[in-house]
Amino acid sequence: MSSFAGVSVLADGGLCPATESFVDTGTDCGYHLLVVQDYRRTKQEAPTGDSITSRPFTVGGHDWYLHYYPNGENLSCANYVSLSVSRLYDDEGADEVVDTKFGFSFVDQVEKQNPVYIRGTETCSFPLPGSSWSCDKFVRRHALERSANLRGDCFTIRCDIMVVHDTKGGDGEALLPDIHRHFGDLFQTNLGADVTFEVCGEMIAAHRCVLAARSKVFRAQLFGPMKEGSATTTSSVIQIKDMEANIFRALLSFVYTDSFPAMHEDSMEEDETSHLVEHGQGEEALEDKMSEAAEQGQGEEAIEDKMSEVAEQGQGEEAVEDETRVQWLQDLFVAADRYDLQRLKFICEKQLSELIGVSSVASTLALAERHHCRGLKEACIKFIQVQSPSCLQTIMATDGWEHIITTYPSVLNELIAEVIALNQQTLSLFTKI
């Protein structure tokens, strides 16, 4: 169980003086809250590479502080909000290497604050006071700005820190939560696997008892009357139809570890890398632009223009990455619903709600209607309500919108009713004025 390790409030472009004092949890596992007020001001005043620092706090007998970079820690992540955690100097154990596990999340992302989730993260070593570790791509700025995490130009980040001690002494309490990692290793190694799934020509081995314990659908499919129903069984190989292999692997990863799968991050990075190579973007392109300006004898203003040009190209990268992630989440959402994994479905729903965009809102709305997901449906309708006429035209030109018209006409009626209600409220406000 994590202990509260204080809160830092960033206001008026800096740390609020009222939150500068130390807080010592007295435990090896604690969390600190970083409240960012006046987000847009921090974005305007802190250029790429500049950060605002939290108050110091203590977890596991060591002092820490956080850095918030509203425009990224470096040029390679200038379109992101970056975060880092650093170890402060302490008199005791100054030469001691401190191993930790830590994670950043928005304050309402409960699934990422589970001790099991934190224990599953990479162990990071802080060899000396002043050493730090970064999460340079915590969230894209444009994704944050249209998400529910930003309320009234304010958002709150939670940093969980767990100091890792040597467990060779047999501390059973410390070893017990590693069960998710052990089951994850079981899935990766296929040790003792007794069932094989064929998905898009790829063979994926698993363990019947694990699947049955986690999903009623798997239980019925493997041990009950559904055994030869939705899946075709041949020579102990179960064929899974209408699903990509990477999605089924991600689904099974969640089944074994109860942690949200990270496979989408790998696929997104591959797609983004390909996009950068094709268009000559990224750090190399930025360096080329700056060298070109320098060779032509141009000044700082020209170099800034070149940097802006690359930044504008980066907006295309964001769109490509978002489209890849949305498609991945939509497919995983469908898979979670198919196998009745409600927690996984909820996490996908939440992330899809934060990634609603002009190009994806129609397909996400259709998905929500098809799978009776009221929360996601309402998020899509609210997004459509506040769009400009030009954006609405773009939405209506998508294939997803045509699908809604032909398949879910009742959604259009609901949307029209919501728009009329909103206009009536607006008219009422003007009448009172």
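Glycine is treated like the rest: Cβ placed from N, Cα and C.
Where the annotation comes from TrEMBL, it is an automatic prediction and has not been curated.
Pulled from TrEMBL:
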DOMAIN    29-161  domain 'MATH'
DOMAIN    193-264  domain 'BTB'
REGION    265-301  region 'Disordered'
COMPBIAS  273-292  compositional bias 'Basic and acidic residues'
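Mapped onto DSSP classes, the domain 'BTB' (193-264) shows 30 helix, 17 strand, 25 coil. DSSP labels the residues of the domain 'MATH' (29-161) in these numbers: 23 helix, 59 strand, 51 coil.
For the domain 'BTB' (193-264), the predicted model reports an average pLDDT of 85.
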